[in-house]
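Report on the structure given below.
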Amino acid sequence: MEKALARPRQLTLRIGPAGGDGRYCVVEMIGEDLRKAGMASADAAALGSTGRILDATDILRMTQPFPPRRDAGLARLHAFLPRAGQRYAAERNHDRGPADRGNVSGLGPYVRHRLVTEAEVIRHVLDVHSFGAAEKFIQEQFWRTYWKGWLELRPQVWRDWLAGVAEARRRLDRDPGLHDCYTDAVAGRTGIDGFDAWAAELRETGYLHNHARMWFASIWIFTLRLPWELGAEFFLRHLLDGDPASNTLSWRWVGGLQTVGKTYLARRDNIRTYTEGRFDPVGLATSAAPLTGTPIPPPGTLPALPVADPTVRTGLLLHEDDLAPESLAGVPPLAAVAVLDTAPVHSPHGVSERVQTWVSGALADAAQRAGKAFGLTPDRLTGTDWCARMIDWARAAGLAQVVAPYAPVGPTADRLAALETALGDAGIQLVRLPRPYDRASWPHATRGYFAFKEKIPRLLTKAWREPGLCDSIGHAEETDGAAD
Ligand SMILES: Cc1cc2nc3c(=O)[nH]c(=O)nc-3n(C[C@H](O)[C@H](O)[C@H](O)COP(=O)(O)OP(=O)(O)OC[C@H]3O[C@@H](n4cnc5c(N)ncnc54)[C@H](O)[C@@H]3O)c2cc1C
């Protein structure tokens, strides 16, 4: 049966099986909107015009599959669902190139910015597959949760990375050889087969397959011997899913700083096999001695958070770390909504124009949905003096309290901390609204992923039983035993 997912003003997406032959499809007009969202014109032409039925292959084959809208994220999720079971487990490690991404979900940017939440993805997957069949996909999804939780319990590691970037940049200034090696690497001019293509793909699309990210990071660290902090910064600048926790900690993992003493070495035969012969690099490092760094701090605890006061005049502030306002728990009655649409600050040296445009589009989409959900016209806060503008906005709306989705460790959290002080000085309280999914999962990220992974079935069972934990929209019905 066809299922209407969303009907915003300019875009209607209908998701459903097409013709009973097992294909999932998006039906109706999407070409116009995808063009507006910056999709490559070749892709838009291939999709055809209004009314064309798109099957899952159409969606998953797009070279720029990421219109920054929640409904486009849901369309992609639905297109991918039939592939999220054993097929994903068998095929996910193959990087077949930008023209064929059907073996991975491409959901990273949506989930990173929470246009679609982690819990929602898992829930939809379990609607279609048993836990056993989709275990690999669910485990991969939980890597994101684990990394966020791990960094949340050890925020110093993020600050160490920021200091490491500053120090590595100073080294570039002092050492012309290192500087040239770095500029060749980011420009894709090293002559290393694969590596140069991934540098170009990252810059041109904002996406890299997970395996390519691992190979790239390993070659960067062990073959080119460049500072890992700058590689992580290059990724954060260009990835549409650039994420403080997943990115920093994955780079640390490749370099042997995360699982102490364990490194990831990119090997020629592995690259040849998993790129299906597209790349065959020679001259790669043959050993990978772990990098050294400051010892990992012991895990802290999650801070207790005050709840919002439902009796005072309240505004909602949306930011790029959580753009599903409809499913936020604990939102009091609202008098105003604003989105923080300033240059994204994922990376200490700014982000690419592509990332900036994407995040701006995602914020606009969230603002539109929030406006609809809360019956208010959202304001857009832009510019470098956003903090002062925020105070003006709160005062003009007569607010005593501003609520915002909780932002995990990273630049947005730092901005919220600055805002909390500035609002406090103006007599207005800032309250962060956590997601129950995060609060239930993050405390388990005290050790390695293996120990965390063991908790997944329990977490899922909990998610099914505790109202609000799954924060899925349109899933009021609870189903016991779905996570068997
Ligand atoms: C060096 C390096 C840097 C990375 N930087 C980032 C980053 O900045 N932001 C980011 O979101 N991911 C990062 N990853 C993790 C992973 O590569 C991407 O999440 C994944 O490739 C996104 O593509 P996809 O949605 O098609 O993945 P799929 O294979 O379809 O995976 C499904 C979902 O599972 C999650 N996931 C899968 N693998 C991982 C992983 N290893 N770590 C965390 N989550 C995972 C993502 O939410 C993803 O959308 C990095 C990995 C490495 C090795």
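Cβ atoms are placed via backbone N, Cα and C, with glycine included.
Among Tyr88, Tyr406, Tyr437, Tyr449, the residue that TrEMBL places alongside Phe137, Asp241, Gly242, Asp243 at the FAD binding site is Tyr88. The least crowded of the binding-site residues Tyr88, Gly242, judged by other CB atoms within 10 A of its own CB, is Tyr88.
Counting residue by residue with DSSP, the domain 'Cryptochrome/DNA photolyase FAD-binding' (137-272) contains 100 helix, 0 strand, 36 coil. Across the residues annotated as binding FAD (Tyr88, Phe137, Asp241, Gly242, Asp243), the widest Cα-Cα separation comes to 23 Å. Other Cβ atoms within 10 Å of the Cβ of Phe137 (FAD binding site) number 25 in total over all chains.
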